[in-house]
Ligand code: HEC
């Protein structure tokens with residue numbers, strides 16, 4: 001008796017559900033990209049890899065492994081460069097913060113996000129790299145992460161957009 005009841009419920013729930021899902025899919029695919037991100041569409045991972053080696057690897061490591069003892073502050077109070085692979089915390093942040101961190105440097109990016117009193121050892125690359133090149137590098141970094149971590153970072157990007165942009 002119970003299973004018959006359940007079947008009936010499923011039937012009536014699934015049908016309108018399919019309708020809503022197909023409406024949502026067609027709505028979003030017609031809305032011209034309002035739910036898409038700037039990466040990885042239009043970014044060049046291979047170019048990002050080359051740029052990473054040239055501009056970032058000296059501190060963050062050729063294999064994205066970070067500096068040794070990256071958890072321990074240096075004598076000047078700054079932290080060593082963390083890894084960019086899945087062992088670090090780069091993927092804990094949404095795209096806006098990662099982009100600003102690279103373009104403006106850690107100090108400015110954190111102050112823009114409302115964090116003050118932190119001494120950052122991460123320089124800004126606004127004079128050396130174009131916005132596009134920075135996105136290429138970030139795409140390369142992301143390409144090293146397992147899909148599960150990429151998905152979490154995507155969600156952080158969606159959730160963080162409003163609050164982080166508000167600080168800019
Ligand atoms: C001179 C050394 C140095 C170079 C070169 C460097 N970084 Fe950094 N980076 C750091 C340090 C140190 C940190 C640690 C965080 C802090 O102190 O703000 C950091 C942090 C970061 C963060 C934040 C990570 C997190 O989890 O909070 C990002 C993103 C980043 N770097 C990207 C880059 C990229 C991309 C490049 C190359 C274009 C680069 N860095 C080159 C030193 C460097």
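Including glycine, each Cβ sits where the backbone N, Cα and C put it.
Unlike curated entries, TrEMBL annotations are predicted automatically.
Taken from TrEMBL, the feature compositional bias 'Basic and acidic residues' applies to 72-89.
Per TrEMBL, the feature domain 'Cytochrome c' maps to 43-145.
Per TrEMBL, the feature region 'Disordered' maps to 70-89. Long-range contacts of the region 'Disordered' (70-89) within the same chain, counting only residues at least 6 positions beyond its ends with a Cβ under 8 Å from a Cβ of the stretch, are 56, 59-61, 63-64, 119-122, 141, 144-146, 149.
The transmembrane segment annotation in TrEMBL covers 9-28.
Model confidence over the domain 'Cytochrome c' (43-145) stands at 95, taken as the mean pLDDT rounded to a whole number.
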